[in-house]
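Engineer: Once you've had a glance at the structure underneath, I'll fire off some questions.
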Amino acid sequence: MQTHEINQRFTEHFRKAGHTVVPSASLILDDPTLLFVNAGMVQFKPYFLGDAPAPYPRATSIQKCVRTGDIDEVGKTTRHNTFFQMAGNFSFGDYFKEGAMEHAWGLLTSSQADGGYGFDPERLWVTVFEKDEEAAALWQKVTGIPAERIQVRDAKDNYWDMGVPGPGGPCSEIYYDRGPKYGREGGPVVDEDRYIEIWNLVFMQDIRGELPPKEGHPPIGELPTKNIDTGMGVERVACLLQGVENVYETDLVRPVIAKAEELSGRSYGANHEDDVRFRVIADHARSGVMLVGDGVTPGNEARGYVLRRLLRRIIRSTRLLGVHEPVLGEFAAVVRDAMAPSYPELVTEFDRIDSVMRNEEDAFLSTLTAGSKIFDLAVADTKKAGGTQLAGAKAFQLHDTYGFPIDLTLEMASEQGLSVDEHGFRELMSEQRRRAKEDAKSRKSGHGDLSTYRTLLDQHGTTEFLGYTDLQAQSRVLGLLVDGVPAKSAAAGTEVELILDRTPFYAEGGGQIADTGRLTGPGVEVEVHDVQRAVPGLFVHRAKVTAGELGVDTSLEAAVDSKRRHAIERSHSATHLVHAAVRSAYGKRAAQAGSLNSPGRMRFDFTAPAAVSGAVLGGVEEEVNSYLQNDVEVQSYTTTMDRAMELGAVALFGEKYGDQVRVVDMGDYSRELCGGTHVGRIGQLGVVKLVADSSVGSGVHRVEALVGMDAMRHISKEHLLVSRLAEQFKVPAEELPERIAGVVSRLRSAEKELEQLRVAQVLQSAGELAGKGTDVHGVTLVAEQVPDGVDGGALRALAGEVRGRLGSRPAVVALFSADGDKVSFVVGVNTPAQDLGLKAGKLVPSFAAEVGGRGGGKPDMAQGGGSNPAGITAAIAALRTGLDQAVARG
C-alpha cells in the first residue's frame, strides 16, 4: 500500500467518524518553544491549553514534522530521520478513552477491502500507564485483546505532559509484532526491535501542578474537559504495509536513493560508508524541500542555520559518492514527485523551492573545494604533530572564510579520528554567534515566563483589540507585572507590564511594529513603549509609570501616538503594494520572506528566483506609484480561509491561520491575509521611494523604501544634490551622467598611467630577484617578499618578468607583498616546470593557510590574498615543502 493511500485511508476513516479534516500546519508556527513543528498536536495546542475555544469537537490531520536533535546520527543507522509524517485524531471534550481505542483499533484491523489497513489483530499489543486500570479494562472490552498482550509501564514511558504546569495524562501505545526474526518474545517491554510502536493515544485528563524540577509536575486535579491527542507514525505503518525493513526502503524515500545511485554509479547496500551517504541524502532532501516549501531560507541563525546544515550535508555526501556537479535540484524534483499526492503545494511552489536550493548549492560549491583542501592540510599538520584535536582557530577559519558549519567540521574531523577544539571555536565566534533576532525576540517577550501570562489569560480572558477603528479608549488595568512578578501597584519610575481589558494599542506582529502612546488616569501617567502578544490573545503593554502610582483595577484613558501609527500604517500598506508589484514582476515564485513596517519606512524580503536587477526594481517603484493615483479604498473583512483562497488572497509562508481570516483588499491589485492596520485609501501614502536593495541570504532579496513625507524629504535631498552637482560641473542636470562618465574615464586613464609607472619601477628589481633562485630537485624556486604596498597587478607583472629571466630551466616564482593587515601573493610556473606536472593553481593550497587566505588560477599563473602578513615567512617555507613533495611525486 502506497503512503499516499495510507494517508487517504486515515483521513477518510476519521471523516466518516465525524472529524473535521484539518490540513497539515506549516512546519513553522508562531511558537517560541519550538524551532519546527514536531508533533501532530502542535497546531491544536491553543485548544488543549484553553487559550482559545476549539472550532470543532473532533479533528484529524496528517502533520508534516521535522526533528533535528540527532542530525549527526542520520544515516549511520536506519532508525533516525529528520522528516516524518504524524497522522492524528483529536477530541476536544468529546469522546475519550473508549472512543479513541475504537477508532484506532477499527482502522488498524479492518480489512483493506473495507478501507482499513488489514493488520492481524493477533499481532497487536498495547501498553498502558501503570496506574490507569481503566484503560487496561477498556482495551479488553473494546477489542477483545487478551490480558497477556496488555503490558503496563511507568510514567517515563506512558505518561504525557508538556514539561511545565498544564494539561497531562496517561497514554496508551499500540505495537505490532514483526515476528521471531526480529527479536525475543515477550512484548514491547522485552524487545522494541521486534515489537514496533505504531500508534500512541494520549488521554488528557489531569492538571499538572508546579513543584521544584526534581519533583516533576504531579497531578493536582482533573481537567474540566477531557481531550484526546493521538499520533500514528505514517512511515512506520508504511514499512509494515509495504513489507520493507525501514523507512529508507519505502515508496517515498527509496526514489531519492535511486536518483543518488543513478548520479553516482554506486549501489545502495554495497558498503556501509556509501550507505550512510545515501541515507543522509534521502532524509535531508525530504526535510530540505519541505522546509523551503514552508518559507525557510538558508541562513546563519536558528531555522535557517538548520536548513543550511541539512543542505550542505547533502552536498558533501554526494561529493563523497563521487558526484561533483550540482545535484540539489535533481533530488528536489524526486521529492516533489513522491510527496505531491499528499502535499500538492510542492508542485505549485516548486520553482521557488528549486531556486532557493540551487542558490544555496552554488554558494557552497564555490568554497567547498578550497575549504576541503584547507581542512585536509590542517588534518595532515595535526597528525604530523602527533595531535588528536583540530585547532579551534582552524575550525573558525573554515566557518568564517569557507562557510563550513561547525557541525560539518566536527563530522569531517571525526571521520579522520580527530576531535575539534570547540571551546576555542566558540570563543572566536562569540560575536558572530550572537543570534540577534532571537535576542531581540527574547527582549520583547517581557520579563514574565509563559506560565505567568497563561495564568493572566485564564483569569481575565483575551484582550479586546479596538485599534482597527479607535486610537483612544477607556481601559481598565486587569493585571500588573513588575520584573515578571504579579504586583498590586507600581510607583513612578517603575518599568511595568500591563494587561488591559481593552486596548487601541497594536501588538507587534505580521511585520508591523508595536504602537506607543500614553495611559492617563486620576493622578497617574504611564508611557507605553512596546506591546507584545505574550501568549495568543493576551496583549502585554510594556510601559513606564511616569507620574503617580498605578494600581490594578485603575481606569485609564488609553491613547495611541496617532502620528506615529498613521506613519506605520502608510508603511504597511506600501509593503502590500510592493509585494503585489514584485509578484507582478517575478510571478508567484517571489514569495514574501519577511517584512518590517516602521514609521515612514518599510523593508520587504522576498525569495528571488533569479538575480534581481535595478531595472526591474525601478519598474516595481513606478508600478506602485502609478497605482497610488487611483486612490482606491482599502477594505478589510473577515471570511473563511476557503473563501479567501477562492478570492485569490495571498497567504504568507510560515503563518498560522484559523478557519476565520482577515483579508485586506486594495482593489484588485492586492489582496492579502493580514491582521495589521492600514490606511483608509491608498492615496494617503503619497509616494513610495525605493532607497536600498540587497541580498540577505541564499535566494532572498531585500528592498527598503520610504513612504509619504519621509519619501518626499528624500527626493528633495536627492534633487538638491543633483542641482549642486550640475552647478559644480556647469552643465544641465540631464547632462550630468555624460559629464561624470567623462571625468571618471579620465581619472581611470590617469590611474592606469600611474599604475604603469609603479609597475615599471617594480620591474627594476626583476634581475635581482631572479638571482635569488634556489634549487629544489632540479626546479629553480624564487620565493620572496617584495616591498610593502605592491598590488596584485604589479606582482603579476613582476612574477612574469622574473620567470622570463630564468630561461628554459624549470622554474617557480612566488612573490608576496604586505599592505597593512593584508597580503597579496602571486605564483608563476614556466612551461618546462609545467611539463614536470607542476601547476601554479595546485601549489597555492600548500601555503595559503599560513597567511590566512586562499587563491587559485591557471597552470602558469595563480594569485590570491590573505589577512596574516606575519605568516609570509612560514608561507614561503610551506611552499618550498609543497614544491619538494610535488616534484618528488612527479
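Backbone N, Cα and C define each Cβ position, glycine as well.
According to Swiss-Prot, the record shows the following:
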- His572, His576, Cys674, His678: Zn(2+) binding site (BINDING)
Engineer: Taking the mean position of the Cβ atoms of His572, His576, Cys674, His678 as the Zn(2+) site, which residues outside that list, in the same chain, have a Cβ no more than 8 Å away, listed in sequence order?
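Structural biologist: Other same-chain residues near the Zn(2+) site: Gln512, Glu569, Ser573, Thr575, Asn597, Val634, Val664, Glu672, Gly676, Thr677.
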Engineer: Could you tell me which three-state DSSP class His576 (Zn(2+) binding site) falls into?
Structural biologist: helix
Engineer: Please list, in sequence order, the residues in the chain of Cys674 (Zn(2+) binding site) that are at least six apart in sequence and whose C-beta is under 8 Å away from its C-beta.
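Structural biologist: The answer is Gly510, His576, Ser636, Arg662, Val663, Val664.
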Engineer: Could you tell me which three-state DSSP class Cys674 (Zn(2+) binding site) falls into?
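Structural biologist: Reduced to three states, the DSSP call for Cys674 (Zn(2+) binding site) is coil.
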Engineer: Tell me the Cβ contacts of His678 (Zn(2+) binding site) under 8 Å, same chain only and six or more apart in sequence, or just say none.
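Structural biologist: Result: Glu569, His572, Ser573, His576, Val634, Ser636, Val664.
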Engineer: With every protein chain in view, what's the tally of Cβ atoms within 10 Å of the Cβ of His572 (Zn(2+) binding site), excluding that atom itself?
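Structural biologist: Looking across every protein chain shown, the total is 26.
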